[in-house]
């Protein structure tokens, strides 16, 4: 293992990677010159702002710095030809701008889209879209900043973006994949936070997947005494604690209390005050460690995880093909070519099926075939067998395989339509005393047994009605959710509705409260969807996961956790109860001050999660982060992390669904965007011209990503959107980590018709090389090109109407665009270099995502392009304006905000002197 220079204890100086010379602390990433946006003939959506939006500047100046002035401006002429008059004023630019180019005329308008639902023509904009902030440029710059080097978690460089591929070296602060904060310089008090309007927040993804070339989290096996902890706050010993009194005491970095070092843990200190066994104590060197804990940390004896599959065998499930697809998928996962990666070591499985009754199966290895026991009393459910319900899948391979092969045939002639659901939950509570995971496959709303539901009618364009539809029916499912959490049982729900609603709002509580997943197939097609079921079910079983977990965040003196957002349950105000936790789940925390911080001391955060691993070990994962404190608002903006803030804002908005309409949630998100940018303008760039749009470098993309939130399926205004679809997306978004959410808000678009030889191949660092991403606008698509668009959930291949016949022949096996089958769900496997390269690129992108992305072929002006076009965030779609127009609106609102504050200050001053005299 590579050794790093030791950290001298006094003052906690940050360390850097050997050989790397970082810039002074707090210095921002290298920036490109700020963009200057010039006015041009206005489109109709923003005519009222014709003389306001003079220029755009991305600023990272500290307060008090003045911008250079360039005496060049072009006034928009109102004539249809868009003629430009001579300059009549001045435009302000930031000091880094060497010069400003006048805007060039726009290119051709957006091509029309396929009938019968053509895309609207994009109006001609008076602002060049190429001159406004782009996420592509920001991400490429950040990737280049870390090209060919590691990132040390205590180095003085900026934290890499979640989208940046870089090897992280743990130097005492945790890997940012596990825990991120939205400002790496902590505000000294709440007043400073309120000035910025940026809520201080943490995003914790405790089991996040690491790169193959990163060191795994060290596992420490403790003796009977358990980990060393602070006597006052119960925080765990970590690299930011100091040792005193010759090593007999340690000072907690969280509460400042001196605790005695246990005799069995004592070690002498060297001349620098560091323990002589430092190199052999991972908990003193690394920001993230795991302890195997003794029995005093157990709530029940830990066992390897148990999976109970509950499968709908009603007529709907059989005729839709769902039952056969499940049996094929599970058989392939357990006993197929890749079966070795299917289940954790020691895991056991059980199987029940249900329609209006519940059928249990004895799967003991000594049986010739599975024995079925039917329970028809679904109001008072009991488990008729315990020995044989859960078995080792290898020991009972013959019995399980025989059952999976014969189940579809056994129920082929069923005419039972109604199904139970709540009774299945009662079964799991009765039969899974040690905890585990319940995986339910269902096609219909429950109409028998416990928890009977009735689907509610959906009224379009009625916000009050929509708000009520986002509130669950009754309390039964919530009560079951609490019982499942107490039992340590996580629930995954797989829904396959056939032309009906499932009352997702109510039933989904079982998954969201227990930390489970929801999989939704509203237009299930077994021919194409079985592949996705197999992939997603395999991932759900094989990924790093645990169950029966409790999480708590501890902060240093002066800070406290104020709110929590995600899919979990809480019994009190401090502990996050997680029946299940896995590598894909993230939780957001809002941090508040309860007193002013000491600017001379670092602020520390520690996440501790007690959980049982899938292999049956009881562990505590401890994640640490220590950062400097600042009283300068410019430093807060300079060190801010927009992606963390977005994750919090999205989770926060969705949590309020049901108490507020989606229209109100959209309005609040848009208002928060304006508040943050106005705060920067008022406190960090007040001397700039009122007509100049000044954006902080760290939040220059906030308007674009806010627009992405407003256009997301979870929140967008769409009267035709099924309430089940919206709820599914809401529950999914509440659990997403930062990377998955960023690509969902601004999908990735890459050209694939002219691939370079290196595309699809790994580089020297092991990263697969891909074509450069493009900005999301339809007018940027060329008619003779092909493009790939993905958002982590779906993958689209868009084929221009003039695409070459050679490309079509090489990739699709036909030279005519008309003959390309848009219903194909995988790319054809052809023996051509371009076919192999295209599949390599798609495979590399798929490997970056947790869930299988179904492939959709879209031929320009031949297929329905609406779903594809709705993912182009910069265009006018989803009942929202384009990026250019929205940026104009944000600018006007910032001006209004500043003007209103000036008027309020004048009125307050006048009132003061009137009262005095």
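Just so it is clear, glycine is given a Cβ too, placed from its N, Cα and C backbone atoms.
Look at TrEMBL and you will find 1-12, 20-33 tagged as compositional bias 'Pro residues'. What TrEMBL lists as compositional bias 'Polar residues' is 51-67. Residues or ranges marked as domain 'Zinc finger Sec23/Sec24-type' by TrEMBL: 227-265. Residues or ranges marked as domain 'Sec23/Sec24 trunk' in TrEMBL: 302-538. TrEMBL lists 546-630 with the feature domain 'Sec23/Sec24 beta-sandwich'. Residues annotated as domain 'Sec23/Sec24 helical' in TrEMBL: 642-738. Taken from TrEMBL, the feature domain 'Gelsolin-like' covers 768-835. Per TrEMBL, the feature region 'Disordered' maps to 1-131.
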Counting by DSSP secondary structure, give me helix, strand and coil numbers for the domain 'Zinc finger Sec23/Sec24-type' (227-265).
6 helix, 11 strand, 22 coil
The domain 'Sec23/Sec24 helical' (642-738), counted residue by residue under DSSP: helix, strand, coil:
63 helix, 7 strand, 27 coil
For the domain 'Zinc finger Sec23/Sec24-type' (227-265), name the stretch out of 302-538, 546-630, 642-738 with the most CB-CB pairs under 8 Å.
546-630
Across the domain 'Sec23/Sec24 beta-sandwich' (546-630), average pLDDT on the 0 to 100 scale:
97
By DSSP, what is the split of the domain 'Sec23/Sec24 beta-sandwich' (546-630) into helix, strand and coil residues?
0 helix, 55 strand, 30 coil
